Amino acid sequence: MLSWPKGSYTLVKPKTGCPSRWREGWRKQDNEDNRNSNVMPFGHNFYGKFGRDMIFHYCTKDGHVISGTQNWPSGNYCILRQGISCPPGFHMGSILWDDEDKRNSNAFEGILPSGTFDKDTLINYCCRNDGLARTKINLPTNKPFYLLRFQSPCQEVRGMRVREENLKTDDEDDRNKSSASGYHPLNDGGRDNRLYYCYYY
């Protein structure tokens, strides 16, 4: 059976849970209060709570606890960074969410992807574009998981079906400073962030 690639990294937790022995954490983002227009895909598979605010849960593989033999395969996709660097073959980038300013109730617990989690949310990503999305890559197929779109449609994974789930957060309206830099997942939300997740099952 295939094991997860070596190194440390984070994936978004689906309703079916994290791979065994991975570490977990969650982040609550206080989104815009005024005429909130968060958009969640119907029938999504994210584990968490999603309404006017969003609580995302994360699965983190600690490379010191769980080894792995192979590197991540070539392709066109993103994962979440864990620690100061990306696994081989990926390039770094980040996305900043300008969360609600008034009575901000952001919170977190446990192990999160690398980033800054204060009254705003900055998450670091690892993305690669060294292969075709339609060329199937090998990853573990025993449990559903999420990757993110980079510059193409969702990466194909051998033995898994894929469903795109895009999600828009309504970020702060006043003096909005949401932004993205470097190699980051596809994000076309403008002053709000909209990311495209790929759910494999």
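Note: Cβ is positioned from N, Cα and C throughout, glycine not excepted.
What TrEMBL annotates here:
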DOMAIN    4-200  domain 'Apextrin C-terminal'
COMPBIAS  163-177  compositional bias 'Basic and acidic residues'
REGION    163-186  region 'Disordered'
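Looking just at the domain 'Apextrin C-terminal' (4-200), the mean pLDDT is 89. Helix, strand and coil content of the region 'Disordered' (163-186), in residues and according to DSSP, is 0 helix, 11 strand, 13 coil.
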